[in-house]
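Here is what Swiss-Prot says about this protein:
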type: TOPO_DOM; residues: 1-10; note: topological domain 'Mitochondrial matrix'
type: TRANSMEM; residues: 11-30; note: transmembrane segment
type: TOPO_DOM; residues: 31-395; note: topological domain 'Mitochondrial intermembrane'
type: BINDING; residues: 95, 96, 97, 98, 99, 119, 180, 211, 254, 282, 305, 334, 355, 356; note: FMN binding site
type: BINDING; residues: 99, 144, 145, 146, 147, 148, 211, 212, 213, 214, 215, 216, 283, 284; note: substrate binding site
type: ACT_SITE; residues: 214; note: active site, nucleophile
C-alpha cells in the first residue's frame, strides 16, 4: 500500500514535468547533472513527498540501480589505507540512509568509497511514531527522531549473505562495508544486544560501529560514560576476537557532538586502553545552534546537516588530540563540499561521511565533493588525502 502511494506521487511528478520537459529532464537525471538535481529535481521531489517517503523512495531507487552512475574517476590522490583496508576514496555514506542493507550496490555505483548500513538492532522494531523526520531547507538541515527502526539482525544477515562474495571482491578493490549496530528500545542488557550484533553481522562486515550516540533511544547516550563504555566495549571486543580470524572486523565507536570536555577525555581514555580500532565523530546534535531559520527547528530529535558541520569538526579536532592521532577517525556532520571534507581531514579525520547533503543536492554531490577535495589537496600542496590527515595539528 505504501509503495503504491509512492508510485502515485512519482507519477504526479511525471505529469507536472510534461512531455518535452520530461525528456530533457530524463537526460539530465541520467547524466547526473549537478545543477539540475540541486536546483530542480530535488526541490520538486521535496515539494511532492514528505521526508520519510522521499527517503524510502530514494532507497528503493538506489537498490534498483535507477540512479546516474558516478562520472568522477577516483585518482590515486584520494586513496586511503586505514582500518586494515584500502579505501578507493575517503567519502562514505553515513549510517541512516540504508538502515536495512537494501541498497549497498547502488551506493557504490553512486561513487562512495565505502558504505555503512544500519543502525541494525537484534530484533525488528518500528521505531518512533510518524512524523519523525523534518526538513529545514533554509538551513540545509534535517531533524530526525527515527528511533532505530530496523528490520533486525536476521533479515539484514540474509541480505548481506546473498552478496557476500560480491562484497569480498569490492572490499579487495577498495570499497569496504561497515555495519552500524544499535540496541533494542526495550532491551535490559545493552551489552548483549551489541554482542549479538557482532556475532551475527561481524563475519559479513569490514568494520562494525558501536552506536552509543543516537539521541532518539532513551538512555543510549549514557553508555558513553566511562564505566559503562568500558564494560560495553570489553564485551564487544571479546565477541569480535572470538570470530574466525579471516572474519574479524575493525570495531569503531560512534560518539555524540554534545559531550563535555570530561566526557571526551573519558572516551579517549577507554578507546586507547582497550585498543578500539577507530572513532566515528559525530552523530547528530540535540542542540539548536543560534540562527536556525527552519519553521520546524524546534522539533525533537537529532539535527544534521550544515548547522552541525563546525561542531563536528571541532569534536574531531579534540578527539584527534586526545588520542595523539593514533586512533583513526571517520568524520561526519555537515559535509556537502570538498572544503567541508578537507576541513575534517585536516582536523584529524582519515575518512569522511555524508548523508544529509543527498537530501538537498542528490547523488551528484558525491562526485562534487571528491572533485573539489582533489583540487584543494593539489592547491594546498598535499600529495594525497593521507598527507592531509591531522595537518592542522602540525602547524
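Each residue, glycine too, has its Cβ placed from N, Cα and C.
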Notebook entry, point to check: How many Å separate the Cα atoms of residue 99 (FMN binding site) and residue 283 (substrate binding site)?
Noted result: 15
Notebook entry, point to check: Between residue 254 (FMN binding site) and residue 214 (active site, nucleophile), what is the CA-CA distance rounded to a whole number of Å?
Noted result: 9
Note to self: Taking every protein chain in this structure into account, which of the binding-site residues 99, 145, 254 has the most other Cβ atoms within 10 Å of its Cβ?
What the structure shows: 254
Check: About how far apart, in whole Å, are the alpha carbons (Cα) of the residue listed as 'active site, nucleophile' and residue 305 (FMN binding site)?
Finding: 15
Item checked: Where the record names 95, 96, 97, 98, 99, 119, 180, 211, 254, 282, 305, 334, 355, 356 as binding FMN, the maximum Cα to Cα distance in Å -> 20
Check: How long is the line from the C-alpha of residue 211 (substrate binding site) to the C-alpha of residue 355 (FMN binding site), rounded to the nearest angstrom?
Finding: 16
Next item on the list: List nothing but the largest Cα to Cα distance in Å, as a whole number, among the residues 99, 144, 145, 146, 147, 148, 211, 212, 213, 214, 215, 216, 283, 284 that the record says bind substrate.
Entry: 16
Notebook entry, point to check: How would DSSP class residue 213 (substrate binding site) in three states?
Noted result: coil
Checklist line | Neighbourhood of residue 180 (FMN binding site), C-beta criterion under 8 angstroms, separation at least six | finding: 95, 116, 117, 118, 119, 120, 208, 209, 211, 254
Checklist line | residue 147 (substrate binding site): tally of other CB atoms within 10 A of its CB | finding: 20
Notebook entry, point to check: At the Cα level, what's the spacing in Å between residue 215 (substrate binding site) and residue 305 (FMN binding site), rounded?
Noted result: 16
Item checked: Those residues of the chain, 6+ apart, with a Cβ under 8 Å from that of residue 213 (substrate binding site) -> 220, 221, 224, 254, 255, 256, 282, 283
Notebook entry, point to check: What's the most sparsely packed of the binding-site residues 215, 305, counting other C-beta atoms within 10 A?
Noted result: 215
